[in-house]
Amino acid sequence: MENSGLLFNNDETIINKKIKKIIYENQYDKPLFYDIDLRKNNKKLIYLLDWFCVVVLLVIGSILLLKVPVRGRLFRLNDESISYPKLEEIIPLGLLIPLVTAVPFAMILLISIIFKRDINDFHHSLLGFLQSISVTILLTGSFKVFIGGLRPSFLEFCKPTKESIVAGNPPVGYGAIYYDRSICTESEFIVNDGLSAYPSGHSSIAASCFGFLALYLLARLKCFDNRGHIIIYLLIIGCLITAGLIGISRVADYRHTFLNVLAGWSIGLLISLSCYRLNFSSLFGRDNHISIHSHWLTYWDYHNNNNNSNSNNNNNNNNNNNNNNNNNNNNNNNKKDNINNNSTKTQNNFESYQSPNGIPLNELQN
């Protein structure tokens, strides 16, 4: 792993410590579908699947946001909370998308490629960033379609007239004071936008993108590593402030209530945290700059070395067993030789013995 001053020198030591925490004692302790060789043998296929999922999520989320009608809400014509003027947007969608994508991409490119020169870090950072955007858009679109909500300036989006009120569906509810979208005169797209207050899409996307960038900078620059560089702190906190200001701007131009914005922030920040952790070893630990690619490379080496060590131990044990067997055979042969020698000596001694009258015993036997 290359080191450009933004990384620690003991990256492999950190990874090895984490590896020991995920060594499972037996197969019953392992998670479902846990196979260390699966990712090793299908690295490219798994990454292609990740990118494919990003594209699919972006397409589905965009369709939900732009094409699918939201759940209709009933409203009163004399409701002051939806009668605010429709002001010009402080940050329109055409400015939001380049802002939340270009700035994080430029920072990731600058640090991972220019400074670190680590293509794997760039790949995982970019993949995690796009995963964060795609999941956020999908969730935001789903909430808007199934829950929705009236914008503070909804009546400006609807623009009912006396003729449209008469031609639309009759009012319902106690006192017959609640109307539906059938009395609106604006286009279906604009009315649909006016009913899409919850949650704030600007807030969720901004929090997701700049929240991920804040985690990325925190991991690479190590803001709280006892160095006290205020510029690093300002870079990181600036990401969160930018996301906050984008959300507040939606309250200022009467597009959302503060609760809508708060819901968007919550979705975006939670998704950015989870997607960053999905691609890196931790969120706030000393190893939060280490990608899962580096983690798995070290884990595979550890596993291979462990298997080789076990194989060598087995071979040594077999050799020791063979040596022990040979030693046992030699001992048995030595015992047999000793027995034969003793029997020969006994026979010789017997032949040399004499009877009490001086006649050798062998002659007496004859």
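A Cβ is built for glycine as well, from the same backbone N, Cα and C atoms used for every other residue.
Note that this is a predicted model, so its numbers are computed, not measured.
Annotated transmembrane segment per Swiss-Prot: 45-65 (among others), in sequence order, evidence recorded as sequence analysis. Sequence-distant neighbours of the transmembrane segment (45-65) (same chain, 6+ residues past either end, Cβ-Cβ under 8 Å): 39, 123, 127, 130-131, 133-142, 144-145, 196, 201.
The transmembrane segment annotation in Swiss-Prot covers 95-115 (among others) and is backed by sequence analysis.
Sequence annotations record features per position, and here Swiss-Prot assigns transmembrane segment to 127-147 (among others) based on sequence analysis. Long-range contacts of the transmembrane segment (127-147) within its own chain (CB-CB distance under 8 A, at least 6 residues past either end) are made by residues 47, 50-51, 53-55, 57-58, 60-65, 68-71, 100-101, 104-105, 108, 196, 198-199, 201, 204-205, 208-209, 211-213, 216, 263-264, 267-268, 271-272, 275-276, 278-280.
Swiss-Prot lists 199-219 (among others) with the feature transmembrane segment.
Among residues of the same chain six or more beyond the transmembrane segment (228-248), those with a C-beta under 8 A of the stretch's C-beta atoms are 91, 96, 100, 200, 202-203, 206-207, 209-211, 213-214, 217-218, 221-222, 261, 264-265, 268. Positions annotated as transmembrane segment by Swiss-Prot, on the basis of sequence analysis: 228-248 (among others).
Annotated transmembrane segment per Swiss-Prot: 256-276 (among others), in sequence order. Taking Cβ pairs closer than 8 Å, the transmembrane segment (256-276) reaches residues 128-129, 131-132, 135-136, 139-140, 143, 149, 151-152, 197-209, 211-212, 215-216, 243-244, 247-248, 250, 283 in its own chain, all 6 or more past its ends.
Positions annotated as compositional bias 'Low complexity' by Swiss-Prot: 308-349.
The region 'Disordered' annotation in Swiss-Prot covers 308-366.
According to Swiss-Prot, the compositional bias 'Polar residues' annotation covers 350-366.
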